[in-house]
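Colleague: Here's a structure for you.
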Amino acid sequence: MIALYPGSFDPLTYGHLDIIERAARLFDRVVVAVLRNPAKVPLFTVEERLSQIQKAVRHLDNVEVEAFHGLTVTVARRLDARVLLRGLRAVSDFEAELQMAQTNRTLATEIETLFLSTSTEHSFLSSSLVKNIAAAGGPVSHMVPEHIEKELRTRFAGAPL
């Protein structure tokens, strides 16, 4: 069975990676789909995020990474994915995620949404938090893989504090 894990991943955190690694044990194939959203200005380009994630998951043979735009269910259908994966950090995530799952269900009744709770040690993480801390010169090595930490440091080098 194929599972699709969509998101912006700007940047990928250890929380995201935890979900990907656990999903890789549950499914035959996991596709990490990086959102290309022209309405948002990301810190990293789609190409940079694809590269970051590919490097982080290279130890997982059944995980692929690709970019997408448009409806998630359209991508899922194209890939023949029957499951959309979503990570939940806290109860506060649930309401928005449930609404999205119900919306996706109305668009594609054959596709299920599976919620995986983030491991406790990563439950506080978000890409926004990582960017804010990195922008202020704070440590993020416990939040993101080393290669992403280096890219964050480079991106924010010389940024005003």
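Including glycine, each Cβ sits where the backbone N, Cα and C put it.
Pulled from Swiss-Prot, these are the listed features:
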BINDING   Ser8, Phe9, His16, Gly87, Leu88, Arg89, Glu97, His122, Ser123, Phe124, Leu125, Ser126, Ser127, Ser128  ATP binding site
BINDING   Ser8, Lys40, Thr72, Arg86  substrate binding site
SITE      His16  site 'Transition state stabilizer'
Colleague: Can you tell me whether DSSP puts Glu97 (ATP binding site) in helix, strand or coil?
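Modeller: Its secondary structure by DSSP: helix.
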Colleague: For Glu97 (ATP binding site) and Arg86 (substrate binding site), determine the Cα separation and express it in whole Å.
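Modeller: Between the Cα atoms of Glu97 (ATP binding site) and Arg86 (substrate binding site), the distance comes to 8 Å.
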Colleague: Just going by other Cβ atoms within 10 Å, which of the binding-site residues Leu88, Leu125 has the emptiest spot?
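Modeller: Among the binding-site residues Leu88, Leu125, the sparsest Cβ neighbourhood within 10 Å belongs to Leu88.
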Colleague: On the three-state reduction of DSSP, what should I expect for Arg86 (substrate binding site)?
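Modeller: It is in a strand.
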Colleague: By CA-CA distance, flag whichever of Ser8, His16, Ser123, Ser127 among the binding-site residues is nearest to Arg86 (substrate binding site).
Modeller: His16
Colleague: Between any two of Ser8, Lys40, Thr72, Arg86, the residues recorded as binding substrate, what is the biggest Cα to Cα distance in Å?
Modeller: 21
